[in-house]
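Annotation source TrEMBL lists active site, charge relay system at B:Ser152, B:Asp227, B:His263.
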Number of protein chains: 2
Amino acid sequence: MAKAFSVQATIASFGGNLLKLEHNATSTGSTMKLNLFLPAQAEKGKVPVIFYLAGLTCTGDNGAEKGFFQATASKHGIAIVYPDTSPRGLGVQGEDESWDFGTGAGFYLDATKGSYAAGYKMSSYITKELPVALYGQFENLDSSRVSIMGHSMGGHGALTLFLRNPGMYKSVSAFAPISNPKNCPWGQKAFGGYLKSEEEYDEWDATELIKKWGGDFEALIDVGDADNFYNHGQLLPENFIEAAKSKGKADKINLRMQKGYDHSYFFISTFSEDHINYHAKRLL
Amino acid sequence: MAKAFSVQATIASFGGNLLKLEHNATSTGSTMKLNLFLPAQAEKGKVPVIFYLAGLTCTGDNGAEKGFFQATASKHGIAIVYPDTSPRGLGVQGEDESWDFGTGAGFYLDATKGSYAAGYKMSSYITKELPVALYGQFENLDSSRVSIMGHSMGGHGALTLFLRNPGMYKSVSAFAPISNPKNCPWGQKAFGGYLKSEEEYDEWDATELIKKWGGDFEALIDVGDADNFYNHGQLLPENFIEAAKSKGKADKINLRMQKGYDHSYFFISTFSEDHINYHAKRLL
């Protein structure tokens, strides 16, 4: 298969390598950058893969530099993909006017509204184009053993992409996820800007999607109780738990309220080992 | 004792807290910012302290966000101090003209030349004013159990401050340290700008200082063999080892050339656990 990615840099990290990749993505119609951590074990054989979806304003660099996932992934022999959070440079009107919409805020959905509908297709990019391209070029990524996790907007992305694509991911976890976007300011702004009708909101809202999930549901979710966004009603993890309970799907959701922790990468790095170990149990 | 520091933020990290501190330093004549990691053990009693000195262009944030020292320090119950790399905002002519001299490049020495002599006193700040202020305000920092480490310019700072102050630190380690500044471009630029006569160079050069060291010398030093600064002769760790050998002081210097690693925080974070464990053995 043709090589989709150009390797901008190869950086040694925890016995493996962090690759800075760039490719022309057709689903977004833009050049997309990402980081790929390949553990040493990938030199000898197939390794499972975890996608880490970052939050508002982030790129694929934040998790790779501050999340500290490589430390634990390297012990288990797991690769980590750190995609960007939106297309960049499309020139869509309004995409750079605020930090919580447009550039850096793609919300991991497929936009249907106005000029955003052309390139803001992060759901298709993350679940279809990106993995196909990665597995084609990096043959030791095991496409049959893939999990997903994320932070804030990316935590919601992890939950929704897991719930919208049964069987695609072995496990899901989230740090401080936006859990019920149609009922919080960030989500209402994003859905209102990306989706052409309110009927579409439920298709991209984790709290609505869990109600339609068939079979067991299992997840690890950490939220800091000193997280200002949680305390201002942007995350609403309780709504997700309540919805899961209403359908008898809450027993295996481990929501941990972490005392004193905020929304930052200091919170994420503290619990990154737990999340990688959680996925490792289901991938190895 | 009067509180020297204002606490700008308290951020939960690995069961302890990272404090963002600010104080008016008399040795530099400036407001100095730093980060202090207090492990959970500091709530119950005295904890040892490691100073981490950052490299060129850095602040106290780089190590705190990307070095991942808190992960291991929290297990041992060790506090970490992350100072800034120079005074800021003094308005000294030329201090902001290049990235490797002046602001962000104080070299952890006491300047004697021209207008830099007034405030560029990072040696006095790190070894005298800062610790006294910290131990006065944070009474569970154990001033009798202190070690020092650093990266690049800060690795040199750690080596020189250890060698210039016998007994002050229990142990020293360095990541990719500038090891013989008077013989590398970075060091020649710094010494030429901060020191008024070449006679002073040897007082601030680790390779010269090791020759005068009495008794045993012990250190852990990691250098990546893919480090461009190493490969361009800016670090010269071999000169330091040779000088130590010439005085029979090299047996306990563990210089590890790390295959494929560069000069970045991906290199530092990979080996941060080893360095914290190295100091813990000598502090606990």
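Placed from the backbone N, Cα and C atoms, the Cβ positions cover glycine too.
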Response to the item:
Rounding to whole Å, the Cα atoms of B:His263 (active site, charge relay system) and B:Ser152 (active site, charge relay system) are apart by 8
Discussion item. Can you give me the same-chain residues 6 or more apart in sequence from B:Ser152 (active site, charge relay system) with a CB-CB distance under 8 Å?
Written reply: B:Gly55, B:Leu56, B:Phe175, B:Ala176, B:Pro177, B:Ile178, B:Phe229, B:Leu235, B:His263
Worksheet, complete the sentence: In chain order, residues whose C-beta lies under 8 angstroms from the C-beta of B:Asp227 (active site, charge relay system), counting only those at least six residues away in the same chain, are B:Ala176, B:Leu235, B:Tyr261, B:Asp262, B:His263, B:Phe267
